[in-house]
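Here the structure comes first, spelled out in structure tokens, and everything after it is commentary.
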Amino acid sequence: MIPTTEALRELGRILAAGGVENPTREARLILAHALGVDLAALWALDEVDPEPAFALARRRAAREPLAYITGAKGFWSLDLAVSPATLIPRPDTETLIEAALRHRPDRRKIRTILDLGTGTGALLLAALAEYPDAFGIGIDRVPAACALARANAARTGLAARAAFCCGDWADALAARFDLILANPPYIPSADIPGLMAEVAAHEPASALDGGADGFDAYRRIVADLPRLLAPGGLAILEAGIGQAAPLAALAAAHGLDATAEPDLAGIPRAVIMAAREKYS
């Protein structure tokens with residue numbers, strides 16, 4: 001046992017040596033996780049056994065994402081389980097939920113939601129939390145991702161209104177939906193090795209790699225939107241940097257109107273699409 005303050009200093013040193021951006025903050029999070037306490041309870045401890053936390057810090061110093069180490073990540077109003085089978089939910093992706101609420105503010109009018117490439121289930125579950133009369137379907141081609149999304153639906157109390165299926169985008173679907181959400185892989189293949197180490201070395205390539213131009217998944221999804229959108233339905237897709245305008249052009253080529261809305265950094269992030277005669 002050593003003093004808590006000493007443990008935190010050593011954890012910070014390990015993390016800083018590994019190039020972690022905010023070693024002081026992450027030292028607290030890692031120690032609290034290793035001890036099974038929240039941050040408030042951590043400060044009440046005079047001494048701790050630091051060895052489990054030191055082991056976790058060495059993993060983080062090797063640039064394993066903190067969310068994979070703790071097994072959890074907050075998204076919107078939800079606390080979600082994560083695993084290396086899925087992309088870690090990002091705050092930028094919450095822009096899609098914000099856009100949905102702006103464009104469809106009547107919470108009772110959205111009855112059916114589709115999330116393509118659901119991963120952890122983050123987008124679908126966040127939308128279901130906001131639209132209380134809706135039922136949603138999440139699709140992912142990775143069985144482990146579907147299993148994790150189901151677990152997250154149970155974890156968040158939304159399992160009765162969510163179903164998850166393994167499939168190749170919307171190929172097996174014949175239904176129409178009031179709201180379609182997607183954060184597909186959109187990074188050009190050649191750019192992936194240059195991503196930060198936490199992403200390039202640890203997150204699944206299938207959730208990142210959008211093909212040569214980053215648009216492989218976009219082309220598949222947007223081509224299906226006219227048959228998937230219910231009358232008055234809305235589709236909202238996440239775009240990478242510089243992709244919103246060409247994504248809107250792709251939507252127009254399929255008979256859809258599209259606009260883009262920025263994330264907190266001012267980057268056009270959420271591309272909102274609907275059939276021209278229904279869009280407002």
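Backbone N, Cα and C atoms are what each Cβ position is placed from, and that goes for glycine too.
Remember, TrEMBL labels are computer predictions, not curated facts.
What TrEMBL annotates here:
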type	residues	note
BINDING	Gly117, Thr118, Gly119, Thr120, Gly121, Asp140, Trp169, Asn183	S-adenosyl-L-methionine binding site
BINDING	Asn183, Pro184, Pro185, Tyr186	substrate binding site
DOMAIN	6-71	domain 'Release factor glutamine methyltransferase N-terminal'
DOMAIN	112-198	domain 'Methyltransferase'
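For the pair Trp169 (S-adenosyl-L-methionine binding site) and Pro185 (substrate binding site), the C-alpha distance works out to 12 angstrom. In the structure as shown, the Cβ atom of Gly117 (S-adenosyl-L-methionine binding site) sits within 10 Å of 24 other Cβ atoms. Cβ neighbour count for Asn183 (S-adenosyl-L-methionine binding site): 26 (other Cβ atoms within 10 Å of its Cβ, all protein chains included). Each of the binding-site residues Thr118, Thr120 was scored by how many other Cβ atoms lie within 10 Å of its Cβ, and the smallest score goes to Thr120. Distances between the Cα of Pro184 (substrate binding site) and those of the binding-site residues Gly117, Gly119, Thr120, Gly121, Asp140 are shortest for Gly117. All protein chains shown were included, and the count of other CB atoms within 10 Å of the CB of Asp140 (S-adenosyl-L-methionine binding site) stands at 28. Here the CA atom of Asp140 (S-adenosyl-L-methionine binding site) lies 12 Å from the CA atom of Pro185 (substrate binding site). Each of the binding-site residues Trp169, Tyr186 was scored by the number of other CB atoms within 10 Å of its CB, and the largest score is that of Tyr186. Pro185 (substrate binding site): 21 other CB atoms within 10 A of its CB, across all protein chains. Neighbour counts were taken at the CB atom with a 10 A radius for the binding-site residues Gly121, Pro184; the maximum falls on Gly121.
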